[in-house]
């Protein structure tokens, strides 16, 4: 009797310690998020503001003091970064508060309310991954732009002798974005703690299935975050870069004209294909992830059985996507070799040494720098293929194994 009482009391103590640890982690997450939003708002704002020395050195007039902030291209990056940090950071804080309330609200531990408490945990984990992925990719997009600012000097030539201001600001912001990866990495670490807590609350025979759900949901979330980046990039390309990409081809040969016109069409196809692929994949994989959660929560054998043909069909679709992604990577490689390709044809046509359509070459360099997102897209597809293959094997085992037959209904 004494051993039973001591065993129960030790479990209560361990439970309290776990709650205190989780509470501390979530409070630390909230504090870290607030620091990230505020700190990087002021740092980025500092580097897009002109100092007194800059105003004197470059003879900046009163109406030009917001030169960097008012520039449409700079505005697209630094403002988007701060907005995303504020929006996603706020939601991360709210999710932490929801998790804190649900863990200490005793009524949620009774009967059917426990089911809803666990669902809150799953949905919260899903949304946390989404906001972290968007913040990470937004930071990466800004890093790609500001760290390659020297390639985009053509866009700032209208400012006469003030292009150095854009270069200096870009180089400083490049360093800022290199360091700011630390915070999304911390958020991901906190999210992994939430995952581990949920993982050990799942019945042992379903833990592998839950791990697969987590990775499957992660790939769906990454597709959704990539959709946001490609949609934003397409809007930037259509509404802002189109104003800068003005040139005439009257003095050039027909082969060069064909290359340039074909490349412009390719840019639109590139975005359209990626947008359709990412949003459709995100929806399908997230829905399949929630189907997995239903299976785990209900310990439903029939759902596991249904999941087997679904996994096979999804693997076929993902494999076709993998083949399609090779076309995307090939297109990206062409954008990166575009200037060299133009130069070869220019020499063949014995054209002048004057640079052909510099605005178009600068724009295509910008497309080339999107290749990092293409590699993330390709890696995500490869991960999906592996994870759905694993899901097929695990579901097959849980359905037909005699060991787990009594544990599923």
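Every residue, even glycine, has its Cβ placed from backbone N, Cα and C.
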One side of the membrane in Swiss-Prot: residue 82 and residue 156: yes
Residues flagged as transmembrane segment in Swiss-Prot, choosing from 54-74, 159-179, 180-200: 180-200
241-261, 304-324 - the one Swiss-Prot records as transmembrane segment: 304-324
When counting Cβ pairs under 8 Å to the transmembrane segment (119-139), the leader among 20-40, 180-200, 381-401: 180-200
Separation of alpha carbons, residue 178 (N-linked glycosylation site) and residue 380 (N-linked glycosylation site) (Å): 23
Chain residues in Cβ proximity to the transmembrane segment (304-324) (below 8 Å; excluding those fewer than six residues from its ends, i.e. six or more beyond): 273, 277, 281, 284, 288, 291-292, 295, 378, 381-382, 384-385, 388-389, 391-392, 395-396, 398-399, 408
Overall pLDDT of the topological domain 'Extracellular' (325-380), taken as the mean: 81
